[in-house]
Ligand code: HEM
Ligand code: SF4
Ligand code: SF4
């Protein structure tokens, strides 16, 4: 009987981690629906980006207040996870504060004290995050695409963190009281700079009640962490993992450099080469033109673009700096990322159900992202510059424009005129190429 | 350029004029101002003239990769035919396309934006930039997206302005966070989508908040957008929109 808690704990742990692993596999499968890209270049630059942008949070602090709050939550979270390690060992083996028996007492006390202070700072940070969303109502959290689930998701995460931190501190406070009562099993361990202020609330409680509080908080805390872990998959909070790979795969060439389509290059070369017989059968093994130019659905995008979609934190910094959005156009780069993720998830569910993707009569274009949004973009790169996790919404917009123009000839009329002019006169205006040098003799 | 070739000579640098610089009345003034500076600095330069064609930037950014690559390869053929090594242009869009997208198609050149080129001339002592009539004037600078964010060049234009001894006041959104003028991505050639304001008006309002005498630009399209914005705000009597090359040329009444 005495092993029941250990067994329950192991079951919860395996179930929690197992379900999470399953969802991670789904994410990987879905990302692999995208087109392969070669990202083996610039390895040094990529690693340095991970260190600066992800680990070092360099783009977060461009906006000092949320940046600083986030650094606190982020550092706190990572360091407090050392404590979770102890909790897991205790849970499996039925020990209590096992690290105290391994580490020097001074170090252990220092660690526990740091966790407490960090937990307190995280709590404060998260509460401030909450007020920014709900009291201050910052514009970027209240845009059109932030209604319903995205808005709730943003708050749930914060409630989760608040509850976890309070449970952690409650657990320590009860532990402290039990230690001073000299309760069996509760070794004199740890230093509690924060929860010492909670402990007096427990004065006069019996040992039994205190144990119930301590155990209750302990269990809720670790179960809460496991639930939270599994919540990630459904949330923009997935970024706490994906931010790192995403920054690694972020754009490492100048932002103004858009990729050239190789298939088009081959075709253009053929057309321009007078030695090529346009009617000759394509050479054996010659690369076929791709089935499709540009992107109209999530699978047409690259794997990096799909990873981008899962990583997006919905922070809206991109949209906040987007000239089209600022001036009231429908375009919002954040929505581009959210739509891409939603559509990819829909495709994923379709595959779960049918074993393979069964056409559902929908696509990313029109059913999620409208043409009006796509044509409002000035390709100014403000969104790319603003994104703290190196997402490139512009590349998706460009791929979808490419589909519209090259597959559907569906550019706005004025653009068709400009393009015809380029084709015929070598300039987007209806001037004669022979007049190009006229400025020389004018005054 | 054809004339140079005929004489068997090679210019030091090719001036890529661009469509706006060739055809647009406002932008032609920038072209002429820049040419004055090149002449003043005794630069041996050539232009392609009627052999130049659109780089393809608006086509690419409108989504027409095919037309873009046709333009690009035609231009590259001409440039390579003349064995061009070094190019300077006063248009950030041409600059970006030739710098970033031509190499993959066989066009490898050393390309500079005119502000970078003028700065290097100044540093080499080949061109003197002095305040003249701009000395102490309140001026704000609008970063072109395709020079700034797209290619990370924020300093060259500012250093030239510093040499002009102006009082440079930055807008709230500047450098890497500068707001677009609204022309990029082929927007120049179409009506904007429905919204509550035009982007150039938003940007011009921000510029006017700094109470400048001049809004300095470094791109012919930004120039048009800001000029239109200033007119929309009825501020054209108080505020001028000038390219940095024009300012340098005007400073000494070239
Ligand atoms: C690994 C532990 C991490 C934790 C615990 C964490 C926690 C959080 C929390 C609680 C929020 C919500 C803030 C709000 O409500 O506004 C948030 C938002 C965000 N996080 Fe993280 N994060 C982590 C890692 C990262 C990393 C590595 C990055 C990359 C730089 C990052 C970038 C962001 C961004 C961009 C937001 C949107 C917040 C805003 O600008 O307002 N996070 N994170
Ligand atoms: S590149 Fe397009 S989507 Fe991104 S900020 Fe500029 S206009 Fe907005
Ligand atoms: S794309 Fe980047 S900047 Fe935009 S909402 Fe997502 S995480 Fe934030």
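Cβ coordinates come from backbone N, Cα and C, glycine included.
Because TrEMBL annotations are produced automatically, they should be read as predictions rather than curated entries.
According to TrEMBL, the features are:
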DOMAIN    A:302-334  domain '4Fe-4S ferredoxin-type'
DOMAIN    A:367-399  domain '4Fe-4S ferredoxin-type'
TRANSMEM  A:6-24  transmembrane segment
TRANSMEM  A:68-89  transmembrane segment
TRANSMEM  A:109-130  transmembrane segment
TRANSMEM  A:156-174  transmembrane segment
TRANSMEM  A:186-205  transmembrane segment
TRANSMEM  A:217-234  transmembrane segment
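The DSSP breakdown of the domain '4Fe-4S ferredoxin-type' (A:302-334) into helical (H, G, I), extended (E, B) and coil residues amounts to 20 helix, 1 strand, 12 coil. Taking H, G and I as helix, E and B as strand and the rest as coil, DSSP gives the domain '4Fe-4S ferredoxin-type' (A:367-399) the counts 18 helix, 1 strand, 14 coil.
With a threshold of 8 Å between CB atoms, the same-chain residues lying at least 6 positions outside the domain '4Fe-4S ferredoxin-type' (A:367-399) that come near it are 49, 53-54, 57, 59-60, 62, 239, 243, 246-247, 249-251, 255-256, 258, 294-295, 300-302, 304-305, 308, 311-313, 315, 317-324, 329-337, 339-340, 342-343, 410, 412. In the predicted model, residues of the domain '4Fe-4S ferredoxin-type' (A:302-334) average a pLDDT of 97. Looking at A:68-89, A:109-130, A:186-205, A:217-234, the range that has the most CB pairs within less than 8 A of the transmembrane segment (A:6-24) turns out to be A:217-234. Residues 13, 57, 60-61, 95, 97-99, 111-112, 114-115, 118-119, 121-122, 124-126, 128-129, 161, 168, 218, 221-222, 225, 240 of the same chain sit 6 or more residues outside the transmembrane segment (A:68-89) yet have a Cβ under 8 Å from a Cβ within it. Residues 66, 69-70, 72-73, 75-77, 79-80, 82-83, 99, 103, 155, 158, 161-162, 165-166, 168-169, 172, 189-195 of the same chain lie 6 or more positions beyond the ends of the transmembrane segment (A:109-130) yet place their CB under 8 Å from a CB of it. Long-range neighbours of the transmembrane segment (A:217-234) within the same chain, counting only residues 6 or more positions beyond its ends whose Cβ lies under 8 Å from a Cβ of the stretch, are 9, 12-13, 15-17, 19-20, 23-24, 26-27, 84, 87-88, 91, 153, 156-157, 160, 163-164, 167-168, 170-171, 174, 240-241.
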